[in-house]
Structure formats: structure tokens, C-alpha cells
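Handing you a structure now.
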């Protein structure tokens, strides 16, 4: 093989590698941009339903790790892991529509908001989302189920850590937000105040 031919083959290989790397980078960039858009949409939908965006994000992460196409062993679908029966009754959505991020997020937020309103407690709403509202209503508390307790604890912990990422939050501004005027959110802040160092007089005002 001549030197010229070797150089030509080497150049072609380099071009192939560069093209492959560029295609891979473009794919990762497109995927990241899509996920960013989904998270911004989740925030918008959460605010629409008076759910704190960081709480809703924590729920989605726990439910699906932000995978729009995932299906659980129980048949729950998509980002917020909504059951088809719930989607049909509450959101008028069919099974196929639950794979669409926007519709899934809207339905999941609507369902979660209904549980917050029903139980007047973020923790109990999380337990109801995981174990079913009928069981929580019958017991009047979160059921003594290890998976459910861990589920509610992890989401609240993630929410708290995200909420506290700003070391010196402006509590006056925080508590003017509409969602924190609702009793469940006020109660959550009270329960976390020893960690968040929230001025209790602001919460109770």
C-alpha cells in the first residue's frame, strides 16, 4: 500500500469519526433541549393548578425519572404515571394520549391538585397519589406502607432541598405567591420551618 493511499484512508476515517461525533453531539443537544422544554412546561402547568413547580418536578422525577414513554407494572403511563382509568374519568384522555408530555403533565397535575384539595395536606396528597385516595380517606392518614412512606418522604425531601437552594430566600415574596396562601402549602411550610428557618410570623400572618 502506498503512502498516499494510506493517508487517504486515514483522512476518510477521521472524517467518518468527526461526522459520527458531531451527529452524536447534535442528538444529545436536541434531547437536552426537548427535556428543558418539558420541564418548563411542567412548571407552567404546576402554577396553573397552584402546585409549587419544584414539588411537581420532584413528583415527576420520582414517578418516571422524566421518561415520557415509561409504563409501570401496574399500567400507569408517562411522565406523571397516570392510570388510564383515571385519565379517562378525570381528563377525558385515552391511553395513547398519555404518552404525549403536555397532556400527561396536565392530567397528572390536575389529579395531584385534586388530592391536595381533598386531603388539605401535601403529605397525604402524595400518599394518595401513590397508594390511592380511597385507602388514605378510609384511614384518615398515610397508610403504613413502606413504599408509600418512602415515596412521600423522598419527594418532600427533594422539594425541600430545591426550595432551599437559595440560602437566603426572600420569605416576604415567597409567601405572597398565591399557592402559599392555600392551607396545605402553609402547613407544609410550618412542618419544614425548623429546616428552612422560615419566620413563623410570616407564615401565620
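Cβ atoms here come from the backbone N, Cα and C positions, even for glycine.
Positions annotated as signal peptide by TrEMBL: 1-23. As annotated by TrEMBL, domain 'Transglycosylase SLT' applies to 43-139.
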Looking only at the domain 'Transglycosylase SLT' (43-139), what are its DSSP counts of helix, strand and coil residues?
66 helix, 3 strand, 28 coil
Check the domain 'Transglycosylase SLT' (43-139) for me and report the mean pLDDT.
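In the predicted model, the domain 'Transglycosylase SLT' (43-139) has a mean pLDDT of 95.
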